[in-house]
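Listed in TrEMBL:
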- 146-181: repeat 'PPR' (REPEAT)
- 182-216: repeat 'PPR' (REPEAT)
- 217-251: repeat 'PPR' (REPEAT)
- 252-286: repeat 'PPR' (REPEAT)
- 287-321: repeat 'PPR' (REPEAT)
- 349-383: repeat 'PPR' (REPEAT)
- 384-418: repeat 'PPR' (REPEAT)
- 419-453: repeat 'PPR' (REPEAT)
- 454-488: repeat 'PPR' (REPEAT)
- 504-538: repeat 'PPR' (REPEAT)
- 539-573: repeat 'PPR' (REPEAT)
Amino acid sequence: MPFLNPPIHRSLSSLCSYSDTLLADKAILYLRRHPHHDLQNLSSNFTPEAASYLLLKSQFDQTLTLKFLSWAKPHKFFTFQCKCLTLHILTRFKLYKSAQSLAEDVALSTSHDDHKGSLVFQCLKDSYHSCNSSSAVFDLVGFMPGVLSYNAILDAVIRSKGSVKFAQQVFDEMTESGVSPNVYTFNILIRGFCVAGNLEMGLRFFGEMEKRGCLPNVVTHNTLIDAYCKLGRVDEAFGLLRSMALKGLEPNLISYNVVINGLCREGRMKETSQVLEEMSKKGYVPDEVTYNTLVNGYCKEGNFHQALVLHSEMVSNGLSPNVVTYTALINKEAIGVIRDMMEKGLAPDVVSYSTIISGFCRNGEVEKAFQMKLAMVEKGVLPDAVTFSTLIHGLCLQRRLIEACDLYQEMLNVGLRPDEFTYTTLINAYCVEGDLNKALQLHDEMVQKGFLPDAVTYSVLINGLNKQARTREAKRLLLKLFYEESVPNDVTYNTLIDNCSDNEFKSVVALVKGFCMKGLMDEADQVFQSMLQRKHRPDEAVYNVIIHGHCRGGNVQRAYNLYNEMLNSGFVPHTVTVIALFKALFKEGMNEELSQVIRNILKSCRLTDAELAKVLVEINHKEGNMDAVFNVLTEMAKDGLLPNSGRTAYAGG
């Protein structure tokens, strides 16, 4: 019976499920051992994703590829994506006759459908570099790629960190075929050569684009300026920056940041002031990149005064220093620098001191951090909650819990309130030491003082309880967390599930259901995967819930993969689940998968109500597939599933 048209927009980058990889690996084993009856047993459950995975995994094994092609060609799982992959592989093996035959099949299927043809080209482009292919494959299918198509291929090659020589070959083929490159073509190539450290080739293409009358833009200049700076050729970078104005181009913030970075790398800090002044005149405000670069540059030069001044200015402007900046600010002479600042009238504030203290703690130099705390108090700068929390964290990292608790008490005595970070740090430290009772007491204290524990706090507690096999308390805490709508990312669900009895296992199933109802599908998947890994077989209720959840959450491919896993496990989806999957597949345009679901349902005849018939008829009717509508209704009628009249089936759509 005719069904919906097959899909043509599925991406090769779709995630391959565990069951798909298992199917592919089994097929490879059977293909190498030649038992064809085993292959036929696989064919009914084999998926396009499994086929794509197999092709990519075995793409350098000519014999295996040909055996797979011989088996797969007649089957429906051998979709146009699989054919595109196979075309690349056969072309690389120089098996042009086999490639030509397959290409004709692809070309015939796209000859009367421009949209389908463009998507086939997209598929060939997406898999171009992963199969180390050549443009000959496009000739086989009869495409005449234009500049946009070539640009897409070049960009895919460069972004995948492929060979720039390979990219140059594509460019040569492009020009030889009469396609004129544009500014984006040259920008892609120049970026590729510059990233590879070959500035001379980048400049060669820069010169060629001007010869061809293709005007470089700001992106072109920024790429080359950056390459000059990274090679220490800052004066030439400056020259290129100045030449932009002659071409009517206005440097942007990236242009200036690149030059500032080049000057800092060369230790030419005085010249950065001129660049900053020019930036200001043109209305550009320094961003995080500008500040981080300058702070790092001044630290390398040994001018910690200016580095700290810029750091304070940066923080006051709401910008965040990065790790490199913090590391640069920490120096064995940091205490002396603070003293020098005081002597020169540059009074460091609590932010400056806390920055240095944080850096010492990050480097494990807690004693120096405490020296800095004493120094700031002597100068009349009082530590704030951040200072105390940072020091407590540093002590806890060194498992000096008693000292950390003393400092925590000092913090309370001076009237400073601990925050979530302080509590979580101490809770984690108690968990590490195995004192779970004290950790739970701190958790209660935290709540009593009006601080809501976050996912990090709960992760620490739950994992600590798990390590001591206190899974009942861990599960209780996890469920509490769930009801508060905040779920940790790194809870060790495996340990929870490992210690579940059969009765307790029901609560884990309830947890999956709860996550799905709240749309927390990453968490639901974590628990589901842990169930599989711990040999707890999910029942049909779990499958129904998680499939429905992914349909609602928009991850339709995942829902469809789980649906197939459910069937392979011998379960029959609930009608509500099937309807949800139908609607999601239809909305995403995944017509081939939708057709397969229809076939599965009609084949098994396990429909429980007439609601499904209404959905099927509605979808086929909207697509204009009247033959499919008729056949669906006929099959439903045979099984007594059709509503009293065809009119009722259409009503209320």
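Note that Cβ sites are derived from N, Cα and C of the backbone, with glycine treated the same way.
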Roughly where does the repeat 'PPR' (252-286) sit in mean pLDDT, to the nearest integer?
92
For the repeat 'PPR' (182-216), what are the DSSP-based totals of helix, strand and coil residues?
26 helix, 0 strand, 9 coil
Which sequence positions outside the repeat 'PPR' (252-286), separated from its termini by at least 6 residues, show Cβ-Cβ distances below 8 Å to it?
218, 221-222, 225-226, 228-230, 232, 234, 237-238, 241, 244, 293-294, 296-298, 300-301, 303
Dominant neighbour of the repeat 'PPR' (287-321) in 349-383, 384-418, 419-453, 539-573, by Cβ pairs under 8 Å:
349-383
For the repeat 'PPR' (539-573), residues assigned helix / strand / coil by DSSP:
27 helix, 0 strand, 8 coil
